[in-house]
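To start, the structure under review is shown below, and the notes come after it.
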Amino acid sequence: MKKLTTMSPAEFAATYKAWIGTVIAVLLILLAPSVMSVYNLGLLSKYLCYAMVAVGIGLAWGQGGMLTLGQGLFFGLGAYVMAIHMKLSDIGPGQVPDFMAQYGITEVPGFWELFRNPVIAVIGVAAVPGAIAALLGLAVFGRGVRGAYFAILSQALVAAFSVLLIGQSKTTGGTNGLNDFKGFFGYDLTDDANKQMIFYICAFLTLAMVLIVWWIRRSFMGDLIIGVRDQENRMKFLGYNPASIKVFAFSLAAMFAGIGGAMFVPVVGIISPSDIGVTPSILMLAGVVIGGRTTLLGPVVGTLLVRFAETQLSEAYPSAWTYIEGLIFILIIAFVPMGLGQFKGLWPWVKEKIGLGGAAAAGAAAGAAEAVAGAGPAAKTTSPTTAKAVNA
Amino acid sequence: MNMLFPQIVAGLSNGSILLLAALGLSLTFGQMGVINNAHGEFMMAGAYTAYVMSTLIGNKGVALAVALVVGFVVSGLLGLLLDVALLERMRSRPLDTLLVTFGVSLVLQQLARDIFGATPVYAAAPEALTNPVTVFGYSFSAGRLFIFILSIVCVAALYAVLKLTPLGRQIRATSENRDLAEVSGISTRTVDHVTFFLGSGIAGIAGVALSLLNSISFNFGTTFIVQAFLVVVAGGVGQLKGAVIASFVLGLCQSAIELPTSASIGQVAVFLIVVVFLQFRPQGLVAIRSRNLA
Amino acid sequence: MTRFPVMRRVRARAAATMCVAAAVLATGGCGWGRTVAEKEALEAGSASAAGTAKSCVDTSGSSIKIGFVNSLSGTMAISEQTVSDSLHMAVDEINAKGGVLGKQLKVVQQDGKSEPAVFAEKAKTLIEKECVAAVFGGWTSSSRKAMLPVFEADNALLFYPLQYEGMEASPNIFYSGAAPNQQIVPALDYLKEKGYKKLFLVGSDYVFPQTANRVVKAYAAGNGMEVVGEEYTPMGSTDFTTIVNKLKFSGADAVVNTLNGDSNVAFFKEYKASGLKAATTPVISMSIAEEEVSAIGVDNVRGQLTAWNYYQTLGNKQNRTFVRNFKAKYGANRPTSDPMESAYTSVYLWKGMVEKAKSFDVDKVKAAADGVTFDAPEGKVKVDGENHHIYKTSYIGEIGDDKLIHTVWKSDGPIKPDPYLKGYDWAASLQSDSSGESGSGTSGN
């Protein structure tokens, strides 16, 4: 690696692409509240919750080839853990939530009591989905269940989970779900300053997840995951255990979904089975499909785009939106299977056409003034996510 | 009073419904590897055919018979269109068909809502099928008996087509070794289209039959699709025998578990049984032995 | 087994970036606002807690905005579209007669998409972004429960048109549908009067059937009746063979049905196909209205009973006008039903409150609510200012060949709403349980 001082701006941008991207993302996140209303910030926070799920799907499906139609299960587990904690801290010790009182229950059930402790709750939102995914993964991947079989099983599980939630309405709130929360770890949810903080948490969590996936992709583990996706048997012959590699990626994706679900609760103020059923779970894939399943930022960008479009279009044209959703899956998967990521190859071509490449090359020989101009476009390639995040 | 006998009948009846819903899926998934998420919507198309026929034709019995034929053709053609327009170009990536067909199912549902409205409709059934039949002093639904018989007839017919006709031989040859079939002079492209037409057409028949028990609305198919998938997975790919056994076992299990517990526990139990079962038989009940490792 | 040679390298990078993330979070850590404890202290300090949220309603122009939130898509769209239609009809009528306090009403319609979370989001949009004076809509209890905190936090008004399970009285919601004592209790009184003793309960698995059946069980225990079976099915479930088997073998002489939507179709088809008959084992339904009858197929439900507070066949003058106008506006084949009538009435009740208060201000409207009356299609209704429900007449009806429901029994005049069933001795067991209820459950101001 060259010394910093001898690097051209273009080289600098290329070498420290991720760092530059991160710094810009952090700045944009910090700036967002000053340019957006509290209402829009709330919507953006909600989109980010789905984006977290999408980052995980990108890892499990795009990298690992595990098409999971059941992320709603993990999203729901994280959300319900968080909701249970928030409900308990609202009502205080010795009381039961109002819906339980309606059913005549006088004592809070045991699995609720577990999450009264805030530390356990915070760990639980990632650990519970992660552990369940690991168990499930060990069971099915160990036995060589994959591809369509895995997809169908994951779908069946999320269906079973939502039936169970509805069936056990005395302890889960049933179709109503859990709602009417007052505080988030003691902070008043109606206060704008707190809403802003919750946005920061969502945004930085998303950023952290993107960075984690970035490391994995660059690391040897990333190669293993892709290896298992493309040539599972060859990996086996090389002495690796494909099941444990898959379990690793799948559990991580489940944790991301759980954390996304957990943040969904303070942001939206409700979690119910209708947020996590079969169809919502597949729709969590929509953004990944659009953005490009194998790209790093695609899932996030795609999810923010599609959720933003949903808010905008579904109000004005409710039935048209369903067609659009359907067409997203049909047209993109059939004709542009890598989504927006497919157009990535066009970038150098565009750069050449509009002369930016020349500017960057010239920058190598030129002084500091041109360095800024050269770094500009290069940095942009790394952080369309955050730019869109703020615009949304 | 003894509930055992009526519960066994209920279980068999549930099994026949599952079988009818899963039969077409089993064919397309098994022979072609396509996971058709729009299968439920093809059933919906069949159900709406039954509704349209019942409004057009005065005699309800004739209407039902015509609907069974027209439903088969309508859903079959929808399937053929889907296969020609989209799925054909995706033979090399079967997993992606799952998502494409999900998109198709969203579009078809919305289309049904725009054409027939959001309000559920119902197809008037022949009087004889809405009344009970009495066997050994127990009353049973004649409509369910009809569905049971129909499911057996469909399985038998499909079996006959696959085993006894030249077309069936070509379908089996294509699914067992596509390249060898191709060099033997079989147009695998045509065979695929015909297979998909057949599988989708059976969904249409299922839709017509199940409209006897339900109202018909745009989400008609979603009720059955997840369980139908489970039957296919548990039964083993590409084997009619597996699908038949799996349907009836799951139907009986559900009735047995539901009796002392509740309907929701019954449903959850069926899901869990399949997951646990796959622990022991990851390739399903009736697995094709193969040396193919990939 | 698996080798993870990668971990060492990752760890260094992970540590570095975790530090960055931690630092970012730490710098932002001072941005938190007030805590729940501070908010409660604040509210305890000022007598009128509601003043914390400022309203952005614009009353200066010649028109005033009101909001509707109904599911126009998703599984509930079928039902909720009808409510949206009758709400629009009420507004058009009021505007044609000069509006409210001389201002024309301007409707902002939102789609709740059959999802509670969306209802909450849209309610927020209506109140905070559209600045409407009042919101009308909601159908499922889930949607109401999801919207309730939004209306209480912003001190806004919701008019909820459905009959529901009771045990609630938010100061920010007016409930124009029946409380349990205006629907479930009269239904049971009717069964008792007719000599039915053994009840079988069947319902969809959600809060209304569960709570309604608690009331039924308490009533049965206190009135010499017996509950011989209680079954719930997941929403949208269409397999009723086992449940109907259980029903046949239970020895029940009447069925109390709280299933909703599509499940009714499968249930009644199975009921009929198994040889049960309305004459011997009648089903009394809490959620089947006129528009559901044609979807279920009148052949399957002829002669069965329903409990509501309104039928299209009611003979009074207001109802004849209401039915005529509705059919003129939306088509001759469209039936009118209880939820539609209740929604229609709720707009007029709000108008009455505003005119009595001479203001659109939420607190003034609430203060003026008590005793506001309206000659509704269901008969005369009156607002109870204490629990925000309304006095309603109860009707038991029988489903006829004409796909309409005909009254077979009615209560002696409007019944006072009693959402917590405090006035019934047999319901004492229900009271003690709900004493632990926190937050919004308490009565209005």
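Placed from the backbone N, Cα and C atoms, the Cβ positions cover glycine too.
Annotated transmembrane segment per TrEMBL: A:12-32 (among others), in sequence order.
The transmembrane segment annotation in TrEMBL covers A:44-62 (among others).
For A:119-141 (among others), the entry in TrEMBL reads transmembrane segment.
Only residues 6 or more beyond the boundaries of the transmembrane segment (A:148-167), in the same chain, are considered here, and those with a CB under 8 A from a CB of the stretch are 66-73, 76, 80, 136, 140-141, 174-175, 177, 273, 276-278, 281-282. Taken from TrEMBL, the feature transmembrane segment covers A:148-167 (among others).
Under the heading transmembrane segment, TrEMBL lists A:197-216 (among others).
Residues or ranges marked as transmembrane segment in TrEMBL: A:247-271 (among others).
Beyond the transmembrane segment (A:283-308), the same-chain residues lying 6 or more positions past its ends with a Cβ under 8 Å from any Cβ of the stretch are 44, 46-48, 50-51, 53-55, 57-58, 61-63, 69, 71-72, 75, 206, 210, 213-214, 217, 257, 325, 328-329, 332-333, 338-342, 344, 382-385, 388-389, 392. The feature transmembrane segment is assigned by TrEMBL to A:283-308 (among others).
Marked as transmembrane segment by TrEMBL: A:320-340 (among others).
Nonlocal intrachain contacts for the transmembrane segment (A:197-216), taken as residues 6+ away from its ends with a CB within less than 8 angstroms of a stretch CB, comprise 18, 22, 25-26, 29-30, 32-33, 41-42, 44-45, 48-49, 51-52, 55-56, 58-59, 63, 184, 187, 222, 225, 252, 256, 259, 263, 266-267, 296-297, 300, 385-386, 389. For the transmembrane segment (A:320-340), same-chain residues at least 6 beyond its ends with a Cβ under 8 Å from one of its own Cβ atoms are 283, 286, 288-295, 298, 301-302, 306, 309-310, 313-314.
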